[in-house]
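Below: the structure, in structure tokens.
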Amino acid sequence: MQDSVFRIESEYVPRGDQPEAITQLSDNIRAGVAHQVLLGVTGSGKTFTMAHTIERCQRPALILAPNKTLAAQLYNEFRALFPHNAVEYFVSYYDYYQPEAYVPTSDTYIEKDSSINDNIDKLRHAATHALLTRRDVIIIASVSCIYGLGSPEYYAKMVIPVEAGQHMSMDSLIGRLVDVQYERNDYDFHRGTFRVRGDVLEVIPAYHHERALRLEFFGDEIDSIKEIDPLTGNVLGDVGKTVIYPASHYVSDRDNLNRAVSDIREELRLRLEEYRQGNRLVEAQRLEQRTMLDLEMIEEMGYCTGIENYSRHLDGRTAGEPPACLLDYFPDNFILFVDESHITVSQVGAMYKGDRSRKQTLVDFGFRLPSALDNRPLEFSEFEKRLNQVVYVSATPSRWELDRSEGIVVEQIIRPTGLLDPLTEVRPTKGQMEDLMTECRSRTARDERVLVTTLTKRMAEDLTEYLTSMGVSARYLHSDIDTMERMAIIQALRRKEFDVLVGINLLREGLDIPEVSLVAILDADKEGFLRSTGSLIQTFGRAARNVDGRVIMYADSVTRSMTAAMQETERRREKQRLYNEEHGIEPVSVRKSLETPFDTLYSDARSAAAKGRGKGRGRQAAPAQTAAEDTTAYGISAEELGGLIQRLEREMRESARDLEFEKAAELRDRIRMLRERLLQQD
């Protein structure tokens, strides 16, 4: 176990409220305080404060973010601050995920369909590898960290230590690699595979892309181990000894597999008896056929498709016992920082019930054994039991966090840059489009950027089309766009590939775009989740990293939420102004590098974003072409709409025949949407 020291490398030092906040947080952690709140305004450097707290306490940390976009941003920042420590990224590796489901009313079974991002899968393996091999670890994670992952005990038990001079035959090593789910591939050499050439075996570990291991044998002895470039074969260095970690988190030794198979067979026997006694013969046949096929695969290969549904048996857990997850890989003294806690905490609490409802139907109708219910995210109470010390980080903490921390709130109002909270004003909705166009052109003339928030995806897409048609370079951002492309779009905005970004709630929490000087909020007087006091304050904050930051709310009335948000913003502005006057500080805009360590992960997505086309499913960031094409469908007759659907269906079938499944899936989703419009017209 490597015991390195957390060490920040930065040209900046804590300023404003940061030094006091770092001291208070660190002292509370050392004193054993279990829960505390860091209430920091947008742009006050909460990430920098978290980093210095970690450095001062010298403990492993988990940073829990509300979505992949913010997790990626935090990953960039912590990697830059801790270049010599293990900063890793752990989010869902699905670019697209359609869970297995059954709809009893229509007798429709929906098979699991997914697309795994290989880069993110590698980063997940790198995260667990780091946790098991060193102590200077910071993991940036989404709510994916509470989902079942496979037992850390079995994962660590199945590692393969290798050393130059070790007595081990090549056949023995090949067998062990296959046991931990590496695949032999002598032609397509990639992560998680190995190849053999004479007395040389080369393997790319699951947590690497750019480096491979070359093991040279002399008889039944490992003669040498070298690190090589998998593409060129060039030797990068000699390795005296190393450890090869499994290619999957769901691994187990043969004895445990045999025990698990026996347990699964017994559960199947009992379940079949129950179905047959109730004369549910269809369910019995379905369950027996599916389960026996899975068991055959497990016995022959050591795994099967959907093996996670048998994780309770593989882990040796009892019914109802929670699964192992990323939290179980951490040492007991780790610190949890819940970023944007006002939304992240509720996310954690919501995961279990949604998952349970879907799987219960599968179990009831014979698609899965009851043990599949234990392949699940943690319940909130189980999540809390796994925590040691927690810091809730938010500009607008909810009542739950404030109560949980029992009044231990560390405030961070003064920004290191001297920036004040943005000026806010309310303008009438009459003529708002013309006014917005004028403001956008004014900002772009000064090489600044604009964020516009709407209430719905359709409004975001239509507004983007309108702005584009009027000569304003604009794109939209919402939840239909996959993770990597979201990051690419944000980077493209910063690089001035376009000037105006239109979105919904994705533009609220945490997005760090210092080039933005104007945030325009449409329908600001529509009370609700997206226009609550907390949401408005968060949205205001997107303009708080620029010295010329301003917020314009378009509304015909001023709601209580608007009033409260403006009053709180003015209170903070006054406190910040007085501090600047007292210390002779001149506000300056935040400066942030455009290049990030995460660039390699979304370079393809950036290319797609620049073209206005996405790699993911459904309607992506293709605002000018796709949105325009779909929008015109509203104005055509039912007959023409039917013709358009038929044309798209032909394209979908052709794409499927050509194995262009992503394109086929995108066309399928557009066809569904057009059919809904056709029904509305009827």
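In case you wondered, yes, glycine gets a Cβ from its N, Cα and C as well.
Some features that Swiss-Prot has for this protein:
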type: BINDING; residues: GLY40, VAL41, THR42, GLY43, SER44, GLY45, LYS46, THR47; note: ATP binding site
type: DOMAIN; residues: 27-414; note: domain 'Helicase ATP-binding'
type: DOMAIN; residues: 432-594; note: domain 'Helicase C-terminal'
type: DOMAIN; residues: 642-677; note: domain 'UVR'
type: REGION; residues: 609-628; note: region 'Disordered'
type: MOTIF; residues: 93-116; note: motif 'Beta-hairpin'
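A C-beta separation below 8 Å, combined with a sequence spacing of at least six in one chain, links GLY40 (ATP binding site) to ASP17, ALA21, LYS46, THR49, VAL393, SER394, ALA395, GLU411, GLN412, ILE413. Of all the Cβ atoms in the protein chains shown, 26 others lie within 10 Å of the Cβ of THR42 (ATP binding site). When other Cβ atoms within 10 Å of the Cβ of GLY43 (ATP binding site) are tallied across all protein chains shown, the result is 25.
Mapped onto DSSP classes, the motif 'Beta-hairpin' (93-116) shows 3 helix, 15 strand, 6 coil.
For THR47 (ATP binding site), applying a Cβ distance below 8 Å and a minimum sequence separation of six or more within one chain yields LEU74, GLU77, PHE78. When Cβ atoms from all protein chains are considered, those within 10 Å of VAL41 (ATP binding site) total 26, not counting its own. Annotation for SER44 (ATP binding site): same-chain Cβ neighbours under 8 Å, separated by at least 6 residues, are GLY16, ASP17, GLN18, GLN412, ILE413, ILE414, ARG415, PRO416.
With a cut-off of 8 Å between CB atoms and residues at least 6 apart in sequence, the same chain places PRO14, GLY16, GLN18, GLN412, ARG415, PRO416 near GLY45 (ATP binding site), listed in sequence order. The Cβ of LYS46 (ATP binding site) has 24 other Cβ atoms within 10 Å, all protein chains considered.
Mean model confidence of the domain 'UVR' (642-677) amounts to 74 (pLDDT, 0 to 100 scale). Listed in chain order, the extra residues whose Cβ falls within 8 Å of the Cβ center of the ATP site residues GLY40, VAL41, THR42, GLY43, SER44, GLY45, LYS46, THR47 are THR49, ALA395, GLN412, ARG415.
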